[in-house]
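*Asks:* Quick one: the structure is below, questions incoming.
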Amino acid sequence: MDPVDPNIEPWNQPGSQPKTACNQCYCKRCCYHCQICFLKKGLGISNGRKKRRPRRTTPYNSENHQDPLRKQPLSQPRGEQTDPKESKKKVESKTKTDQFD
């Protein structure tokens, strides 16, 4: 093994770079050419632009958006339960009797 010179940066040490340049070949020998070739060719990892994937959305369900702990009771009307026509008749009869007072 070559002696390591502390005065030279690690990337400039002898044997730190391959003697041949990287190429576009994907054969086994070229895939193991250097660490960069192994990552790009062997593992298929590149730092290029990544494709944008659409988000997965769940189908809209109104039950998903409600509070499951509290179910509020239906509002109960207060007072007498009467038909609207009957209530109009009562109001008319009251107004007629009040007019004579």
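Here the Cβ of each residue, glycine as well, is placed from N, Cα and C on the backbone.
Positions annotated as Zn(2+) 1 binding site by Swiss-Prot, on the basis of sequence analysis: C22, H33, C34, C37. Residues or ranges marked as Zn(2+) 2 binding site by Swiss-Prot: C25, C27, C30. For 80-101, the entry in Swiss-Prot reads compositional bias 'Basic and acidic residues'. Among the features that Swiss-Prot reports, asymmetric dimethylarginine is placed at R52, R53, with the record citing sequence analysis. The region 'Core' annotation in Swiss-Prot covers 38-48 and rests on sequence analysis.
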*Asks:* Distance check, please: Cα of C27 (Zn(2+) 2 binding site) against Cα of H33 (Zn(2+) 1 binding site), rounded to an integer number of angstrom.
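*Replies:* Here the two Cα atoms are 10 Å apart.
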*Asks:* Per 10 Å Cβ neighbour count, which of the recorded positions H33, R52, R53 ranks highest?
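*Replies:* Max Cβ neighbours within 10 Å, all protein chains included: H33.
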*Asks:* Taking all residues of the region 'Core' (38-48) together, what is their mean pLDDT?
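*Replies:* Overall, the region 'Core' (38-48) comes to a mean pLDDT of 83.
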*Asks:* Let me know the DSSP-derived helix, strand or coil state of C25 (Zn(2+) 2 binding site), please.
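*Replies:* In the DSSP reduction, C25 (Zn(2+) 2 binding site) maps to coil.
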*Asks:* For C30 (Zn(2+) 2 binding site), which residues of its chain lie six or more apart in sequence with Cβ-Cβ distance below 8 Å?
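*Replies:* Non-local contacts for C30 (Zn(2+) 2 binding site): N23, C37, K41.
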*Asks:* For C27, C34, listed as binding-site residues, tell me which one has the smallest number of other Cβ atoms within 10 Å.
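*Replies:* Counting other Cβ atoms within 10 Å of each of the binding-site residues C27, C34 gives the minimum at C27.
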